[in-house]
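K.L.:
As listed in TrEMBL for this protein:
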type	residues	note
ACT_SITE	174	active site, proton donor/acceptor
ACT_SITE	202	active site, schiff-base intermediate with substrate
BINDING	245	pyruvate binding site
């Protein structure tokens, strides 16, 4: 811990110059009137799928190919090593290498958020420092959950405070109860929003009431709320969210950026019509078929999906047909 903290402190000035250099976007919807966030997260971020070869090695050539395609879409930035990146299945070395590869290919005006959450506070700090060294602008830190019964508000506040103190880059909280079985308590979010190095939360729970309350309770802080799924993106914007980290953006990036644009322009009827067409495809590549479904859909839209790492299994032929029908029925294929 002490070594990590000293290393983080030594890196902070150089890395800060990088992430503050990114041009400001339009004011995040969760930001109070008359103020701007120090680092805007407003916009769409695809949580990148990690491409593997048929021998289940990380395929960096295919990753770079996908990145070239994504460069033509007006994303605010990219998320690497989130849930859709099969983060738990990568080694520590692979995690750092993936971040480094993406940073080299990503224009400097686009943010790079990197997952660095581990089960222990010490391991999270060490990986966060490594992600900063590899070029990440922001650390996305999922809730530790293996001992979820002990993850009280006090324990989680202490964990994230230690990470925020030691991290040389800003931190975004990550609550994904579908995977962790743990919803980051509202009291913890409110307390942590006051930390100068914790700038937001990605909330994938889908509870719009909770998200609206987060926006309301943190409105005096430099803190932004990000929707964690395309299915409730419009509703999240309506209650003040700043942006979205959406798995479906790996497949339908342009339509999601268009939805973001329509919401910011207040064109709610057009936004609603578009949102309706995104709900079923998003459900198909998240809750219904998960990452194998996401990777299969990517192939239909010109990206490399490829296999998942075991034990994630490929879709059956019947599942592939159901997935294709979902996209077709909503006018995307």
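Glycine is no exception: its Cβ is also placed from the backbone N, Cα and C atoms.
Predicted automatically and left uncurated, TrEMBL annotations should be read as such.
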K.L.:
Validating a neighbour-count step here. Other CB atoms within 10 A of the CB of residue 202 (active site, schiff-base intermediate with substrate): how many?
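P.N.:
Neighbour count, Cβ to Cβ under the 10 Å cut-off: 27.
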K.L.:
Taking just the CA atoms, what is the gap between residue 202 (active site, schiff-base intermediate with substrate) and the residue listed as 'active site, proton donor/acceptor' in Å?
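P.N.:
It is 5 Å, counting Cα to Cα.
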K.L.:
Using the alpha carbons only, what distance in Å do you get between residue 245 (pyruvate binding site) and the residue listed as 'active site, proton donor/acceptor' once rounded?
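P.N.:
Residue 245 (pyruvate binding site) to the residue listed as 'active site, proton donor/acceptor', Cα-Cα distance: 11 Å.
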K.L.:
For the residue listed as 'active site, proton donor/acceptor', which residues in the same chain are close in space, meaning a Cβ under 8 Å from its Cβ, but six or more apart along the sequence?
P.N.:
82, 115, 117, 140, 141, 142, 143, 201, 202, 204
